[in-house]
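The active site, proton donor annotation in TrEMBL covers GLU272, GLU514. Under the heading Ca(2+) binding site, TrEMBL lists THR625. TrEMBL lists 105-154 with the feature coiled coil. According to TrEMBL, the feature region 'Disordered' maps to 156-186.
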Amino acid sequence: MTTPALLPLSGRRIPTLSPGASSFPHHRATLRLSEKFILLLILSAFITLCFGAFFFLPDNSKHKRFDLGLEDVLIPHIDSPKEGKHASGQVVIHGQGGHDEHRHREEEESLRDKIRADHERALQEAKEKLRKSREELQAEIQTEKNKVMEELKKKDALPKPLPPVPMPKVVGVSDGEPPEPDAKEKRDKIREMMKHAWDSYRQYGWGHNELKPLAKKGHSTNIFGNSQLGATIVDALDTLYIMGLHDEFKDGQEWIEQNLDFGVNAEVSVFEVNIRFIGGLLAAYYLSGQEVFKLKAVQLAEKLLPAFNTPTGIPWAMVNLKSGVGRNWGWASAGSSILAEFGTLHMEFVHLTYLTGNPAYYQKVMHIRKLLAKMDRPNGLYPNYLNPRTGRWGQHHTSVGGLGDSFYEYLLKAWLMSDKTDTEARKTYDDAIEAIERHLIRKSNGGLTFIGEWKNGHLERKMGHLACFAGGMFALGADGSPDDKAGHYLQLGAEIAHTCHESYDRTVLKLGPEAFKFDSGLEAVAVRQNEKYYILRPEVIETYWYMWRFTHDPKYRQWGWEAAQAIDKYCRVSGGFSGVKDVYSSNPTYDDVQQSFFLAETLKYLYLLFSSDDLMPFESWVFNTEAHPLPVLHLGNITLPGSEPAQQ
């Protein structure tokens, strides 16, 4: 299998290996369409000639009979009062009469003249078409197709009215200036890094999904299909808003209003589009109150719903935004769906139901939860693969890193976002974490706590950068843990943060590798070359921020600043920020990609780390797996459409 190295596995991510589709078949179909069009024109011209010859023959017996027939027909007329409408309101039926006969003849002549003119015009148009070259005909066909597409776009652009719902209380969305001068200076530096990343994208990659900062041009990957959806713009909006970069935010909003179109023929990742686009648009709406973001989020969400049309209701990994056809990644355990993908929809879909009144979104994600609750789990663990056709697990591979990670995160955050009323989600999270701690979490010989991966009954002593988010998750879930285990889980979060910091500290660049081992005397170090890269990932810094919020231990700000300095020193180039291919090399090569999640997550978490706690307080906001903040829904006695009162 091709290695997933250097692919944009952001946020809580999975590999995305799918060959690009060729445009050749579409071109060939266009040629066939043109040939059929020409044949149709010729046939139409022939039929028109025949009909014209028959219809416009000189007067003969048949024609006279036709005229007589018309004159002899009794034609009903509803006359005006002066023409003899009786007081009773009856309609007078006129037969033959001199005045009427003359009038009918005039009407017939006028009708014949009109038909003759129409046919002559049609014949002339057909002759002109037949004289045109193939290229001219193709150009005309394309013009007509473009007109139709424009009309459809206008129709799609008309927003469906959404029901008025109370706006959740928005708290702590700006300022957050820290009292410490040192922290303020560092926070200003992070804002400057964000401005460099945004301005570079604005100059060299505007409208493209991402940026190639060395080549200074746009970049995209197969998770976005073949379309230019401006992923960096949507992903970065809330970071710009929180940092007070309002001119840049306005630029992004204008692009979205004028250019963001989901009616494109593009096959996209349901997971990635949900967490980056729907999450990003909803966050921008809640922060700014601008309706356009809500409307765009709903338009896109409707395009994702066909992905759930499977025998089990477990969605496909990918869906075509235009046709609604879905499929799974070819490499994923015999066409299975992936736990971290179908398990990372709940937060956004609950908000969609809240904002639209459409119960479908809530029902889709609750169906997934109920289906999983009925299934057997080996050792209490959730395998990463589930077949959407059969409803059976794929290969027994369990991970808190890629392929599994954000499923567990969203169980906890569903509970938090419901104002801690979704106790079913909390219980499912607690049970899952208990099994993970029993089977996957170990301590190395050197005393480092790590999270391994369970593969077919065997624990692989390797931890991925993606799994480093779990330190923050354990800390976030500490309060509310069963059996008074809050202190235990806060400590576990601190131990994971320490291990992940060691993975950074043991490299030349002081940036962490994609994955690191704990065996053969090596600890927190990457062994394979294709695991030594750093692609501007946020997970370690994310955990530093959560640990800082819960403990205020100054080492977390210190570790975050070390990472920020390393990024600025080794990843910054004149055209933005780039990932590096080997964190153990003093002279690394660049991968030439500025990931959208660098602006959405990495820089946002750094900025929040050096801000005061009243900026985006946990009591009011829950961050999705792409760091897009969604407000806690204090629903009280209100139930979501499609939900059972007992659940919410």
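Using N, Cα and C of the backbone, Cβ positions are placed for all residues, glycine too.
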Do me a favour and check the Cα-Cα span between GLU514 (active site, proton donor) and GLU272 (active site, proton donor); whole Å is fine.
19
CB contacts for GLU514 (active site, proton donor) [other CB atoms within 10 A, all chains]:
25
Find the average pLDDT over the coiled coil (105-154) in the predicted model and report it.
74
DSSP says what for the region 'Disordered' (156-186): how many helix, strand, coil residues?
8 helix, 0 strand, 23 coil
Spatial separation of THR625 (Ca(2+) binding site) from GLU272 (active site, proton donor) - C-alpha basis, Å:
10
Including all protein chains displayed, how many Cβ atoms other than that of GLU272 (active site, proton donor) lie within 10 Å of its Cβ?
28
Just to be sure I understand the packing, how many Cβ atoms besides its own are within 10 Å of the Cβ of THR625 (Ca(2+) binding site)?
28
